[in-house]
Amino acid sequence: MTQEFDFDLAIVGAGVGGHGAALHAVKQGLKTAIIEAKDMGGTCVNRGCIPSKALLAASGRVRELQDRHHLHNLGISVGGVSFDRQAIADHALDLVSKIRNDLTGSLTRLQVETIHGWGKLLGPQKLSVLAEEGEKIVTARDIILSTGSTPFVPPGIQIDGKTVYTSDDAVKLNWLPDWVAIIGSGYIGLEFSDVYSALGCEITMIEALDNLMPGFDRDIARIAQRLLIEPRDIETHTGTLALKVTPGSPVVIELADAKTKDVKDVIEVDAALVATGRIPATKNLGLESVGVQTDRRGFIPVDDRMHVLLDGEPVPHLWAIGDATGKMMLAHAASAQGIAAIENILGNDRAIDYRSIPAAAFTHPEISYVGLNEEQAKALGTEAGFAVGSVRTYFKANSKALAEGEPDGIAKVIYRKESGEILGAHIIGIHASDLIQEAANAIAARQSVRDLAFTVHTHPTLSEVLDEAYKRAA
Ligand SMILES: Cc1cc2nc3c(=O)[nH]c(=O)nc-3n(C[C@H](O)[C@H](O)[C@H](O)COP(=O)(O)OP(=O)(O)OC[C@H]3O[C@@H](n4cnc5c(N)ncnc54)[C@H](O)[C@@H]3O)c2cc1C
Ligand SMILES: NC(=O)c1ccc[n+]([C@@H]2O[C@H](COP(=O)([O-])OP(=O)(O)OC[C@H]3O[C@@H](n4cnc5c(N)ncnc54)[C@H](O)[C@@H]3O)[C@@H](O)[C@H]2O)c1
């Protein structure tokens with residue numbers, strides 16, 4: 001390190017993005033500080049991935065144990081199933097605290113200096129950290145901004161944190177409303193509909209766009225609707241805005257046509273979960289001190305090497321990663337971006353390949369994907385002059401899925417017809433979140449279905465669902 005700076009690297013935000021970057025930085029010998037205003041571990045650990053997956057795990061078991069038909073087919077019968085809401089909530093809380101402690105401990109062990117307070121750029125290579133004890137000035141040769149995101153609440157929706165709340169409160173599972181409205185059918189809406197329906201709540205799902213789960217491949221979303229919505233106690237309103245939501249007992253929701261904004265119905269429910277997307281936490285970050293402007297939605301402009309951009313050009317020694325960049329709001333994307341930023345700081349050219357980053361919704365059954373959906377692949381094919389192929393295989397034809405009594409689901413593989421290059425894979429079915437990884441690795445290596453068709457998969461495993469797809473496409 002040159003002596004003119006306090007640190008080689010200062011990271012603002014100790015979420016998974018900042019944490020991943022810090023671990024990689026110290027491994028590479030950089031003297032590193034991490035600045036956190038609130039909870040170590042950020043959204044994923046405290047209010048996101050971790051508590052929500054704990055709730056999904058427990059409620060998923062309740063669902064399975066209550067499914068007499070499924071158990072009967074396996075030769076099992078159980079007596080009545082009961083659960084303790086607070087104990088399920090505690091399982092999530094305990095896990096959060098364990099993982100937050102592990103994460104904090106790993107930083108201490110590796111001698112990353114943790115500074116508590118609000119980080120703000122004062123100019124190139126200089127930060128202020130404001131804490132109750134006062135202001136501290138920190139200089140660093142390189143600075144990474146990893147400030148994450150917060151829930152987006154549309155105008156007209158009033159949050160009280162008790163009857164109308166976002167995922168920040170939903171993960172606490174403070175109560176189980178008899179009738180809950182879920183506004184938004186994206187990841188959070190879908191995962192919480194899985195938790196709430198397993199634990200006996202009646203649900204009304206409100207989605208502004210014309211289709212539920214608009215972020216997923218259309219075929220997969222249709223099957224998801226058949227498996228995750230229709231058989232459950234879930235009423236749906238698509239093309240519908242939750243125009244006005246007033247907390248209380250009952251919660252009053254004005255439903256409007258999403259296109260005309262005309263109010264078409266008013267419903268009264270016990271609670272409403274607002275799951276309408278997330279916005280970047282990039283206010284009061286001092287970006288103006290280096291002349292950088294966020295985009296229209298507040299995201300920090302970056303290139304694929306994670307340089308912060310000013311008029312399209314990299315700002316020297318300034319980097320941004322994670323949800324604050326709005327590229328892919330996922331934990332593993334944030335840490336991958338952090339690692340890429342460190343490599344570039346060290347002079348090792350590394351760009352992020354978003355096409356090979358997988359995503360999953362941890363519903364029962366799970367949904368996962370990587371790369372392009374069919375619509376996107378066809379649009380790219382038309383633009384670049386290539387033909388697109390797609391194949392499907394079915395869990396009901398997979399021996400392991402049948403042995404598990406879990407025959408629902410498909411895998412869909414999308415590829416370039418002439419070269420066989422795999423462009424995207426989409427799975428709905430048991431363990432879809434694990435199965436997608438091999439397709440992600442194949443996309444990262446730009447492999448062809450013709451080569452993949454010769455790779456040998458263990459029998460009998462769920463992975464043969466993809467094996468079968470590669471063979472069909474080859
Ligand atoms: C309910 C829910 C479930 C999710 N489930 C999954 C999942 O299963 N899988 C998955 O991949 N992703 C999931 N996500 C998304 C995932 O949580 C985010 O993509 C991830 O947390 C982003 O990491 P980050 O480091 O960019 O930001 P964050 O985790 O948001 O961390 C940013 C940190 O920066 C701090 N900060 C902000 N501004 C400042 C400042 N000026 N000074 C100091 N500190 C500051 C914040 O306090 C925060 O701790 C989920 C999200 C939610 C809400
Ligand atoms: N398993 C996971 O990886 C996971 C789980 C949860 C969250 N996340 C991340 O968190 C982010 C936020 O999740 P999310 O579900 O809030 O957002 P999302 O963008 O996935 O879905 C939001 C949905 O709300 C709808 N919507 C917006 N305003 C509306 C309104 N006024 N009335 C009705 N519908 C409206 C949108 O059309 C969209 O379908 C996601 O981008 C995701 O990356 C990931």
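Yeah, the Cβs are placed from backbone N, Cα and C, and that goes for glycine too.
Per TrEMBL, the feature active site, proton acceptor maps to H459. The 10 Å shell around the Cβ of H459 (active site, proton acceptor) contains 10 further Cβ atoms across the protein chains shown.
The DSSP secondary structure for M329 (FAD binding site) is coil. Taken from TrEMBL, the feature FAD binding site covers K53, G119, T147, G148, S149, D323, M329, L330, A331, H332.
According to its DSSP assignment, I188 (NAD(+) binding site) is helical. Its Cβ placed at the centre, I188 (NAD(+) binding site) has 25 other Cβ atoms within 10 Å. Residues or ranges marked as NAD(+) binding site in TrEMBL: G184, S185, G186, Y187, I188, G189, L190, E191, E207, G277.
What TrEMBL lists as disulfide bond is C44-C49. In this structure, C49 (disulfide bond) is part of a helix by DSSP.
Sequence annotations record features per position, and here TrEMBL assigns domain 'FAD/NAD(P)-binding' to 7-338. Summarising model confidence by region, the domain 'FAD/NAD(P)-binding' (7-338) averages a pLDDT of 97.
Taken from TrEMBL, the feature domain 'Pyridine nucleotide-disulphide oxidoreductase dimerisation' covers 357-469.
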Listed recorded positions with Cβ under 6 Å from ligand 1, out of G184, G186, L190, E207, H459: none
Of S149, G184, M329, A331, i.e. the binding-site residues, those within 10 Å of C49 (disulfide bond) when Cα atoms are compared: A331
From recorded positions G186, E207, H459, the one whose Cα lies nearest K53 (FAD binding site): G186
T147, S149 as binding-site residues, winner by CB count within 10 A: T147
Pairwise Cα distance for I188 (NAD(+) binding site)/S149 (FAD binding site) [Å, integer]: 14
For E207 (NAD(+) binding site), the three-state class that DSSP assigns: coil
Listed disulfide-bonded residues (C44, C49), ranked by Cβ neighbours within 10 Å, top entry: C44
Closest of C44, G184, L190, E207, H459 to A331 (FAD binding site), Cα positions, recorded positions only: C44
